[in-house]
Amino acid sequence: MIDWYGTAGILVFYSIILGVGVWAGTKKKNNGEEEVMLAGRSIGRTVGILTLIATWAGGAYFTGIAESFFTTGLLWCQMPFGYSFNLAVGALLFAKPMREAGYITMLDPFQEKYGSRIGGLLFLPAFMGDILILAATLSALGVSLEVILDISNYWSVTISTMFAAAYTITGGLYSVTYTDVLQLMFMVFGLLLSFPFAINNVQYYPNQSPNSTSTSTIDWIGHVEPKDYVFWVEQMLILVFGGIVNQSFFQRILSLKPSLDAFNISLISATVCFLLAIPAASFGIVAKLVDWSKIPSYGKPFDKTDTSAVLPLVLRNLTPNWVAFFGLGAVSASVMASADSIILSSSSMFTRNIYKLSLRPQATEYELMCVLRVSVVVVSIVSCYIALSSSSIYYLAVVCSDIVYVVLFPQLVVVVHWANQVNSYGCLVSFILGLVLRATGGEPDLGIPPVIKYPWYDETARRQLFPYKTLAMLLSALSLVLISQLVSYVFHNRILDPEQWDVLNAFQEFCPTESQKRTPKESEHLNVHIIKYRKTNEPHSYTSESSPYQPTTTPEDKNKFRF
């Protein structure tokens, strides 16, 4: 039976967010690229802090933390630590150089260094990662609403996607930023309002262990097996460094006013993001403290298939209806804080780095805005379709996150800080090597067996305990630098002729132009003919600084005699 209180809460919160998104779109001064994608680089300190927090602390963040505390305990709940360090490290490594360079997307430094073709290649893992993470987010929302409110998965996912796409098209980053702030406020208010009621109801449905009359014996800390220590560390590294290479993060950093200190703003955001994990974790602990079979509205032992919906289940079953109205509405609406960010970031990268810089450099601002809006619709439809049709989205999203960590993170660090040490050949080899090393490690959750079994391979669980993803990342970075230096040495020393062998056009400075290929005698003969032609057919044009003996040409002359 449909929970009408929760459904009403969702519709009310969605409507408010849509209205704010449309209103925020009116703040645009024009439809220019920077204005739509980066809000004209005009985001202030307070809004900047809140939107950075909301970039990570969306619905998936809160529900994921509650699930982790409920299933595995504190020690395996890595998101608060990983995401907080992610914000700080990302700002420390990239904020200053990328803001000073005036970049619009995180792919700009790649295309500036390697050109449109190789730079565009790096768009693929970033785009696929965004699409699958968005699909996983929407799928989790649909499953939660289906379990909690008995709303069809199809309608909950479709309507949520339509709302997010609608206001993203209307106002670009202005709409996304202001709705982020609103959704964060809703989420915090909903959780703080609901928690006292939820914890109060624990006394009526206590989950007591068989040999104890106290709930204090319930383990909410969890434990890490010695064999999993290295695996635990690698998962934390992936959260911290893999999450940095995220256009949603760079969009927020690059949209701040130039006068603001992005690093300090990120530190504040990281601290608040970590603190916001406390209320979410509290709901996970509440879920462990109650015996779900005693709760009339649930009435059975807790189903393991419902673990991803722990937070919404607590809100529905352990709070009054009017409180659930706010809580469930806020949780569902906050999912769009993640969804709209990903939709805009993916669409921005495609519009600028693929369409404009690779396909149509002469595209007008109006044309780019049309492409951006179409991209928003396409990204939304594709993600919605995947969310509704695939049962392995989460694991695909995990694999894409691994690829971003293995391939894109080392590439971005090097191209931003040591661009003069690398070239397109190193980039291409590094890209391929990273993909191959990640693929040969296998993925048990997708049924992909490992080609390479690294040390400490667990035959029982069929998973790698060796940190092979980090090894692949380091080898990818090393190959990027070594291959670049090797190719540079070969071309600089003319071991291979760059005119014949530089197929990626990375060493054009060694390829002479047509005028440089002429012998001195040919050049002198050509100049004589040009001067004679000018004397007989074209009047000289002089500047105040030119000499009568050194005739200068008009722009028309230059076009006529371009050799």
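Glycine residues also receive a Cβ, built from the backbone N, Cα and C atoms like all the rest.
Residues annotated as transmembrane segment in TrEMBL: 6-26, 47-69, 81-98, 118-142, 154-174, 181-199, 229-250, 262-287, 322-345, 366-388, 394-415, 422-441 (among others). TrEMBL lists 537-563 with the feature region 'Disordered'. If you look up TrEMBL, you'll see 539-554 marked as compositional bias 'Polar residues'.
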### Query
So which of 6-26, 47-69, 118-142, 181-199, 366-388 is most in touch with the transmembrane segment (322-345), counting Cβ pairs under 8 Å?
181-199
### Query
the transmembrane segment (229-250): which same-chain residues, six or more beyond its ends, come within Cβ distance under 8 Å?
52, 55-56, 75-76, 78-79, 81-83, 85-87, 89-90, 93-94, 98, 103, 105-107, 126, 130, 341-342, 344-346, 348-349, 401-402, 404-405, 408-409, 412, 456, 465-467, 469-470
#### Entry: the transmembrane segment (366-388) touching the transmembrane segment (47-69) per 3+ Cβ pairs under 8 Å rule
no
### Dominant neighbour of the transmembrane segment (118-142) in 6-26, 81-98, 181-199, 394-415, by Cβ pairs under 8 Å
394-415
### Query
Out of 6-26, 154-174, 181-199, 394-415, which stretch has the largest tally of CB pairs under 8 angstroms to the transmembrane segment (262-287)?
181-199
### Query
Relative to the transmembrane segment (181-199), which of 6-26, 81-98, 154-174, 366-388, 394-415 accounts for the most Cβ pairs at distances under 8 Å?
6-26
### Query
Where among 81-98, 154-174, 366-388, 394-415 do we find the most Cβ pairs under 8 Å to the transmembrane segment (6-26)?
154-174
### Query
Which sequence positions outside the transmembrane segment (154-174), separated from its termini by at least 6 residues, show Cβ-Cβ distances below 8 Å to it?
14, 17-18, 20-22, 24-28, 35-39, 138-139, 141-142, 145-146, 251, 255, 332, 335-336, 339-340, 343-344, 347, 372-373, 376-377, 380-381, 383-384, 387-388
